[in-house]
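K.L.:
Taken from TrEMBL, the feature transmembrane segment covers B:21-40, B:82-103, B:110-130, B:136-155, B:194-218, B:238-264. Annotated domain 'ABC transmembrane type-1' per TrEMBL: B:71-260, in sequence order.
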Amino acid sequence: MNQHASQHAIAVAGVRRVFGKGRKQVIALEDVDLVVGAGEFVSLIGPSGCGKSTLLRLVADLDTATAGTLEIFGKPARRARLDQDYGIAFQQAGLLPWRTVAGNVELPLKLHGVASAQRKARVAELLDLVGLSDFAKNHPDQLSGGMQQRVAIARALAESPRLLLMDEPFGALDEITRERMQNELVRICAETGAAVLFVTHSIPEAVFLSDRVVVMSPRPGRITGVVDVRADGLAGAHDRTERARDEEGFFRAVAEVRGLLHGAPVATVAADGLEK
Amino acid sequence: MVTIDPVAPRGGRPRLPIAEVRWSTVLAPVLLGVIVVVAWETFVDQADIKPFILPAPSAIWDQVTANRESIVSGARVTGGNALWGMLGGALLGVVGAAVAGTFRFVDQMAAPVVAALAVIPIVALAPVLYSMFGAAVNSGRIIVAGISVAIPVYLNTLRGIRQVRAVHRDLMTAYAASPLQRIRAVTLPTATPYVFTGLRIASSLAVIAALIAEYFGGPIGGLGKSITSSAASSNYPLAWAYVTGAIGLGLLFYVVTLLAELWFSRHQPAP
């Protein structure tokens with residue numbers, strides 16, 4: 001492992017994932033290369049079946065690649081999982097309904113043998129971070145969808161991971177809650193300085209949150225292009241304000257991503273149209 | 001930053017759903033019961049039915065009050081057998097389901113045996129068990145009750161173990177949780193409401209099995225034995241009084257397990 005490689009949060013090279021055998025074979029991912037720097041926010045976007053969730057699951061070592069290498073902070077994915085180098089949040093909050101909000105946030109700490117007093121202090125800190133201190137003793141079924149997702153994010157942050165993996169965490173939320181959650185995520189990322197790999201369906205969401213947006217296409221799942229949002233004049237890493245949504249660079253980046261999703265010609269037209 | 005979402009009451013623990021039951025849901029069946037008893041009484045009185053065919057509710061009630069102590073002590077004996085059988089059977093069912101849930105081949109081996117056990121009337125084993133353990137002890141009755149309980153508990157627990165959500169499994173993998181941590185943190189809590197559903201179904205079976213097993217012999221003192229002996233001595237209202245005691249015992253078991261089920265599934269959608 002050279003010194004340079006360990007600087008990256010995620011380094012994916014030549015990854016291929018094939019499901020099934022023989023005629024029923026489906027190539028979920030083909031020849032995927034991706035590097036996410038420490039503290040960088042990268043979104044994966046693409047239509048259903050483009051393999052973006054599969055890629056995230058490979059990084060999380062919830063699934064194994066058919067070919068290629070994955071390194072998380074310079075370690076193999078399995079080692080990184082066993083070392084708890086990442087925190088993860090899914091589309092469903094996935095809270096344990098029989099545990100209180102505090103109990104859910106506490107779960108990873110408890111599983112990894114953190115002392116009770118420390119756990120309590122950390123849980124209080126995390127619930128404050130996501131604005132749910134008043135709900136520590138409630139059970140998940142008493143919370144709204146947005147609040148449940150905030151608990152799931154607090155749980156993902158419990159062990160202060162340097163890398164956050166998020167699989168469409170706001171996918172099931174309404175637009176208003178979604179924007180508020182995005183603002184909160186930007187703030188949390190600025191406070192924690194973690195790198196994020198973020199899977200989403202939404203172009204504005206990807207552009208608003210990310211430093212770079214990775215566009216993928218299906219059958220077979222591969223990366224068709226990368227939009228560097230920072231180069232579009234949007235504020236630097238994790239330095240978003242609510243206003244960013246209205247800036248010109250935001251629309252230019254949205255048009256670029258849309259162009260990549262729908263094919264190259266549209267991209268220039270859309271971008272030109274905006275500039276005039 | 002604190003954002004306020006519109007939400008359910010803060011802090012408070014949720015109560016049993018029983019608090020939400022409306023009066024009409026309780027009143028309607030009670031009303032039906034009263035109508036049936038009154039109709040029964042009038043019918044027996046008007047049509048001059050002999051007590052050995054059908055005694056009047058009032059006659060049965062007289063016997064219940066007159067023999068209260070004997071009914072209670074009988075219920076204690078039968079209820080004790082049913083309770084021990086239930087505890088043993090529940091333990092057997094849960095442990096069995098945990099093993100079958102963990103090892104697929106155990107599940108496959110056990111499936112036909114469980115299906116066979118589920119269809120044979122377990123009480124039919126009582127006479128065999130009396131000769132096996134001797135007719136002076138309650139062991140045979142407890143075993144009969146235990147087997148009848150073990151099957152529904154086993155089947156329901158196994159179903160519960162299989163309800164573990166994919167997102168929870170992924171989460172445990174992401175946390176690199178050990179197999180034991182997985183079972184404690186996710187599998188058992190997921191299965192718990194199902195265990196109690198099984199127990200609720202099994203509770204009446206336990207009482208029935210313990211009661212009917214007494215018909216085939218064994219020590220006296222239980223409700224089942226008292227029903228047969230009072231019927232044999234032509235004291236029909238007294239036999240019905242003991243039947244009333246058996247109904248009360250069955251209801252007690254059912255209600256207690258129902259409350260346990262409601263309590264343990266209060267945070268999860270009903271199975």
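In case you wondered, yes, glycine gets a Cβ from its N, Cα and C as well.
Tell me about the surroundings of these features in the structure.
P.N.:
Note on the transmembrane segment (B:110-130): residues 96, 100, 139-141, 143-144, 147-148, 151, 154-155, 208-209, 212-213, 215-218 of its chain, located 6 or more positions outside it, place their CB under 8 angstroms from a CB of the stretch.
For the transmembrane segment (B:136-155), same-chain residues at least 6 beyond its ends with a Cβ under 8 Å from one of its own Cβ atoms are 77, 80-82, 84-86, 88-90, 92-94, 96-97, 100, 114, 117-118, 122-123, 125-126, 129-130, 195, 198-199, 201-203, 205-210, 213-214, 218-219, 222.
Sequence-distant contacts of the transmembrane segment (B:194-218), counting only residues of its own chain at least 6 positions beyond either end whose CB sits under 8 Å from a CB of the stretch, comprise 78-79, 81-83, 85-86, 89-90, 93-94, 122-123, 126-127, 130, 135-138, 140-142, 144-145, 147-149, 151-157, 159-161, 163, 224-225, 228, 246, 249-250, 253-254, 256-258, 260-261, 264-265, 271.
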K.L.:
For the transmembrane segment (B:82-103), could you work out the same-chain residues 6 or more beyond its ends whose Cβ comes under 8 Å from its Cβ atoms?
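P.N.:
Hits for the transmembrane segment (B:82-103): 110, 141-155, 157-158, 160-162, 183, 187, 191, 195, 198-199, 202-203, 206-207, 209-211, 249, 253.
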K.L.:
Do any residues of this chain, six or more beyond the ends of the transmembrane segment (B:238-264), have a C-beta under 8 angstroms from a C-beta of it, and if so which?
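P.N.:
Distant Cβ neighbours of the transmembrane segment (B:238-264) are 16-18, 55, 60, 63-64, 67, 71-72, 74-75, 78-79, 82, 86, 192-193, 195-197, 199-200, 202-204, 206-208, 211, 223-224, 226-227, 230-231.
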